[in-house]
Amino acid sequence: MSMVSETATAAAGRNTRSAGWWIVALAIGGILFALAFAPFLFDNVRSQQVAARICIFIVLVASYDLLIGYTGIVSFAHTMFFGLGAYGAAIALRGMGPGWDAVAVGTLAGVGAAALLAILIGLLSLRVKAIFFAMVTLAAASVMLVLASQLSGLTGGEDGITYRAPDLFKPATKLWLDADGKVATLWGVKLNGKLAAYYFVVLSCALLFAVILRVVASPLGTVLEAIRENEMRAEAIGYRVVAYRTGVFCLAAVLAALAGSVWAVWLKYTGPDTALSFAIMIDILLMVVIGGMGTVWGAVLGVTLMSLAQFYLKDLMEVAAHATGDLPLLPELLDPDRWLLWLGILFILLVYFFPKGLVGTLAGKERRA
Amino acid sequence: MSATPILSLSGVKTDIAQYHVLHDVSFDVPEGGVHVLLGRNGAGKTTTLRTIMGLWQARAGTIRFRGQEITAAHTTEIARMGIAYVPENMGIFGGLTVEENMRLASHDGTFDPDRLSRIHTLFPAMKQFWAKPAGALSGGQKQMLAISRAIIERRDLILIDEPTKGLAPAIIAAMIEAFREIATESTILLVEQNFNFARSLGRGVTVIDDGRVAHDGQMDALADDSALQTRLLSLSLDQHQ
Amino acid sequence: MERLQQTVARMGGVNLLPVAVALAALIAIGAPATWVTLTVAGLAMGMMIFLMASGLSLVFGLMDVLNFGHSAFISFGAFIAASTLALLSGWVAADSLLYNLLALGIAISAAGLFGLVAGWFFEVVIVKPVYQDHLRQILITMGALIVAEQLILAIWGGSPLSVPRPAFLQGSWLIGDTTIEIYRVFAFLLGFVAFLGLRYTLKSTRIGLLIRAGVENREMVESLGFRIDRLFAGVFMVGSALAAIGGAMWAGYETLITPDLGAEMMVLVFIVVIIGGLGSIEGSLLGALLVGLTGNYVGFLAPKLALASNMILMMVILLWRPQGLRPAVRT
């Protein structure tokens, strides 16, 4: 009897998938398609830059969701790990020259440092309350930011580091030659190093994202959710909560550092604003909340929407600021530089009213079934 | 039995997180004396007290105090209506002195000298450790302080959760005396696992099992009927006799 | 070893840590005059940070609420005081102690008043709906911080703002070859008075008794018939006002302030409450003095390590006492 009714509910659940779930699935599918073929779909440099940034941030946000959504811990140090990976690659590329050996050494060093720091912070502060942990990570991230600007010999200080990427990624590199010995084109796009660089980013990020999906679907993911739902009970059943949490924190740190290295190779520049600043941490938080905490796929949606908003919201505010030019204070509030103000308000409203974010809210019924 | 009961629960259901703890609890506590709430571990006795006190909200049912509904009232209001609560962990403020603990229990921070001296007679330790931090008291002394707090002002109803837990027999004997005296002016609703202790004090008794009332009656009748005891309380009797 | 421990405990235990730090610094620095200057600076800084941290710590202890937007009160306090002083520039520069004091008093009151009102708003609108939910609490107060920082940028602009100091607090005393800035002494005294006031309120008044009891066991205070939520709103307001006053004092100390001020101080404030233990003002004072002294000594000995040194201090203390040096008692 109960078997039958359960099957019936499950079937009903599958039926309710239609509306919200399909919208989300279509949107995510569309975004992934656009990212995969961005060089062929958009012909200007700027949109490729945006697409690469979206790829990197999907990994960054999804790995952060492992912490905040799946484990229920809030860290403010995710950019710190991202930055460690980026600076590792950057410093090695500057010091050893533009080779794959430099990328490997730099990435390894950055990832190693990130893992070590994550273990240290985790063991020190994951034993106590979540709030303690949030404070410690915030303090650690701030100190790292100050160190990066002070140790300018190593990090280039506020100016950051400029360097060259491996030769394969030079725009002059010819990947494929046509009959005349010139660089071949496919659908009107030159098969040069720039294209290689973009697909290096896409494939690396796809690989990292697959790892995250695998982790979430694995028994580890289930244990993490058990810990999030009821820490005491998880402990009582015999899971070593601190070890698991530290492990996940470490894993997320490593993933963020790897994303940072890829970012550094793509950008050929690493500085506080691109890899370490607190503004990036705020971006990540907004993206996670928009996409929905506890849904890795939400990261795709959250990152894309936020990235687009960053462009269009500014345009919109520009117009609004002009329109209200004669009123007191309003033009200052609507200044395009103040776009974070409105995103901040949006963020608060989202956390209040849609704590599950877009994906969680739209596809909610499906998740339950 | 015609007088209005001081406390009356009817069809009370309480959930804690996603768990249904109280399924359907209905019983009356008559005015005066000690009414005992018996039951196994996890049966829902503590939840019943906490629901009465407003510390957990009932999902359904009504709770009336002197005929007035208090089901949805705030804990603070319930306390001010004249109900005192002595939780299982005693709720002592360990960083405060005995005196400060007592001052908090009086609505304006002053003491009625007669009542204070009566407490000092009942529990001499309270006088001895008056200015000491309550955290330094022994378990039995903490229990005495918790009870002293509940009676420093006259309360109509005192809810007490397992006062004998972990206490030495000598202290339990003293506790029986104290409770008898308190029961002359206030009604006590006592949650107890120690059947002997409960029997020596209780007039009415309600047995809760699995979130429901399993038996409601007079303590004398229950004490004489060993078959009923075995059926209702097999576990507690095994533990305590 | 055990006897040493007992002796240390009798002399004040962890309260001696700032003294130990000061003595170690004296040996490391060598020059007593420099050491005195640094110590005064450290104590003054510590007291200002104490003002900022104490409210945060008390609010957390009482209600298990940690306001990540706390630094907004610090920044607003600083900027409001700066604007008020600029507005009263005539009185500020006047060669009359009375006018100086009046200007200073109005500036600090304006900051404090703002703290009270904004604290009330924050408590009711931002924090109350997420009392029991730590995760959303962190996110929402963080969101509020972003909005507040942007508001400061919108109102005061992004460029540094200079803060006029009242004439009587200008300059320094020269004792032997030691220079002591007057403003530092003033900041220390103000912080110390605030500490004494808080301590008196907590130890000797009925409100204080309720707060201490509430920190230990919220439910029991309610079961005894007291509305803890109203008490909490009051503590939140006072804590916010103290932070704003701390920010105002800091503005006068720095004399040039930028909108980053809040975020910079917040790191120190967090380190202080973690070191000191959440929920007790004695812990906050101890942590603040340690952070202030360490920051100044290390800033002199190895300038680049100043902030990192506080981080290391925090790590070491967390290893030794995960709950901080003097956490509030919880039963």
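All positions are counted from 1 along the displayed chain.
Note that Cβ sites are derived from N, Cα and C of the backbone, with glycine treated the same way.
Please treat TrEMBL annotations as automatic predictions, because they have not gone through curation.
Features as listed in TrEMBL:
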- C:12-29: transmembrane segment (TRANSMEM)
- C:35-60: transmembrane segment (TRANSMEM)
- C:72-92: transmembrane segment (TRANSMEM)
- C:98-126: transmembrane segment (TRANSMEM)
- C:138-156: transmembrane segment (TRANSMEM)
- C:182-202: transmembrane segment (TRANSMEM)
- C:231-253: transmembrane segment (TRANSMEM)
- C:265-293: transmembrane segment (TRANSMEM)
- C:305-322: transmembrane segment (TRANSMEM)
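When each of the listed stretches C:35-60, C:72-92, C:265-293 is scored by C-beta pairs under 8 angstroms to the transmembrane segment (C:231-253), C:35-60 comes out highest. Counting Cβ pairs closer than 8 Å to the transmembrane segment (C:265-293), the top stretch among C:12-29, C:138-156, C:182-202 is C:12-29.
Here the transmembrane segment (C:138-156) has Cβ contacts under 8 Å with residues 66-72, 75-76, 79, 83, 122, 126-127, 130, 259, 262-263 of the same chain, all six or more residues outside its ends.
Within the chain, the transmembrane segment (C:182-202) has long-range Cβ neighbours (under 8 A, six or more residues past its boundaries) at 40-41, 43-48, 50-51, 54, 165, 168-173, 208, 211-212, 242, 245-246, 249, 252-253, 281-282, 285.
Only residues 6 or more beyond the boundaries of the transmembrane segment (C:72-92), in the same chain, are considered here, and those with a CB under 8 A from a CB of the stretch are 52, 99-100, 102-104, 106-108, 110-112, 114-115, 118-119, 144-145, 148-149, 152, 155-156, 161-167, 240-241, 243-248, 250-252, 257, 259, 261-262, 265-266, 269.
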